[in-house]
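Per Swiss-Prot, the feature Mg(2+) 1 binding site maps to E84, D103, L105; the stated evidence is sequence analysis. Here Swiss-Prot flags D103, D106, E268 as Mg(2+) 2 binding site. What Swiss-Prot lists as substrate binding site is D106, G107, S108, S109, N196, K262, and the listing cites sequence analysis.
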Amino acid sequence: MQTLSQSLKQSAISEELASLLTVLANSSKDISQAVRRGALAGVLGVAGTENVQGEDQKKLDVITNDMLKDALAAQGSVKALASEEEDEIVPLAQDGQFLVCFDPLDGSSNIDINSLVGTIFSVLPAPSGDVSEQSFLQPGRKQLAAGYVLYGPSTMLALTTGQGVQLFTLDPVSGDYLLTVDGVQISKDTGEFAINMSNQRFWEPGMQAYIADLIQGKEGPRGKNFNMRWIAAMVGDVHRVLCRGGLFTYPTDTKDPKKPFKLRLMYEANPMAFLVEQAGGKASTGYETILDIAPSEIHQRVAVILGSANEVDACLGYHN
C-alpha cells in the first residue's frame with residue numbers, strides 16, 4: 001500500500017504544502033495516542049475553562065490544541081493559525097506561506113463516553129505583509145487543502161488538495177498512514193440522514209417539512225424509507241457520508257436566538273464542504289453554497305446541509 005508520504009510526492013502540490021500536511025498528519029498520530037490513553041493518562045473531564053464560544057473546554061481540547069500549535073510553530077511555513085480553542089489568531093512564522101484553521105478535537109463531548117472524536121483542518125494561502133484576522137477571511141474555494149482525522153476503531157485521515165479525496169488508515173505496526181481508498185465518490189442518492197431530532201421544534205418550516213416527509217417513508221411523498229443516524233460529532237457523521245452516502249445537517253434553529261447556527265465556518269463547515277464537493281457531493285447553508293461564503297470573522301457560525309448531491313437538492317427545494 002502507498003504511504004501518505006509517497007502519495008503527497010506524486011501529487012501536484014508544492015513541497016512546502018506537502019511538508020505542512022505531513023506535520024499535521026504526524027501531530028494526529030500523537031493526538032490519537034492521547035485519545036486512546038484517555039483515563040489512563042488523566043486527560044478526561046473538563047479543564048475548568050471556556051473557549052471563545054462559551055463552551056466548557058475538555059482537558060483534551062486544550063492538550064490537542066497545544067500539540068497542533070507547537071507542531072505548526074516548529075514547521076516554519078505557517079504564518080498564523082486560527083483554532084476553535086483560541087480567542088484570536090496566533091501569528092507564527094513572519095514569512096510563512098500558509099494559514100491553518102483547525103478544530104483540534106471535534107465532538108469532544110464524546111470523549112468521556114469513549115465515542116468518536118476527530119481533528120478537522122483547513123489550509124489557506126497566506127497574503128504578503130502583516131497578518132491579521134482579515135487575512136483568514138477568504139471564501140472556502142480558496143482552500144489549498146483540507147481534511148480530518150477520525151479517532152475510531154482505527155485512526156483514519158481524509159484528505160483533499162483539490163484533486164479528489166483520499167482516505168488513509170494509520171497502521172499501528174509501521175506508524176505510517178497507508179492509502180486505503182483513492183478517489184472517494186459519494187453516491188448521488190441515499191436513504192440515510194443525520195440530524196439532531198431533539199431540536200425539531202426550533203427548525204425553520206422548510207427543514208421541519210423536509211424531515212417530516214423523510215420520516216413518513218414509503219407512505220409519504222418521498223415513496224421510500226429513510227434511516228436516521230446521529231453520532232454527535234461532525235467528523236463521524238461526515239465520514240459516514242463519504243463512505244456510504246447520506247445527508248448530514250445542522251440547520252438553522254431558534255433554540256438560542258443569539259446563536260441560530262451551531263457549526264463554525266472556517267474550521268468545520270469549509271473543510272468538510274471542500275471534502276464533500278471533491279467527492280461529488282454538495283454542501284449548502286440552505287440558501288447559499290458554503291464554499292462561496294465570504295467570511296465575516298474567524299469564529300463565524302453557519303447552518304450546514306451536506307452530502308449526497310440529489311438529496312441535498314431535495315432538501316434545498318423545501319427551503320426555496
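Every residue, even glycine, has its Cβ placed from backbone N, Cα and C.
Residues E84, F102, G107, G118, T119, I120, Y148, M234, V235, L263, R264, Y267 surround the recorded Mg(2+) 2 site, their Cβ atoms falling within 8 Å of the Cβ centroid of D103, D106, E268, which are themselves excluded. Between the CA atoms of S109 (substrate binding site) and E84 (Mg(2+) 1 binding site) there is a gap of 14 Å, rounded to the nearest whole number. The number of other Cβ atoms within 10 Å of the Cβ belonging to D103 (Mg(2+) 1 binding site), over all protein chains shown, comes to 28. When the C-alpha distances from E268 (Mg(2+) 2 binding site) to the binding-site residues D103, L105, S108, K262 are tabulated, the minimum falls on D103. The binding-site residues under consideration are E84, N196, K262. Their Cβ neighbour counts within 10 Å are lowest for N196.
Counting every protein chain shown, the number of other Cβ atoms lying within 10 Å of the Cβ of L105 (Mg(2+) 1 binding site) is 29. Of all the binding-site residues listed here (S108, S109), it is S109 whose C-beta has the fewest other C-beta atoms within 10 angstroms. The C-beta environment of G107 (substrate binding site), restricted to residues of the same chain at least 6 apart in sequence and closer than 8 Å, consists of S115, L116, V117, G118, I231, A232, A233, M234, V235, G236.
For E84 (Mg(2+) 1 binding site) paired with N196 (substrate binding site), the C-alpha to C-alpha distance reads 22 Å.
Rounded to a whole number, the distance between the Cα atoms of N196 (substrate binding site) and L105 (Mg(2+) 1 binding site) is 20 Å.
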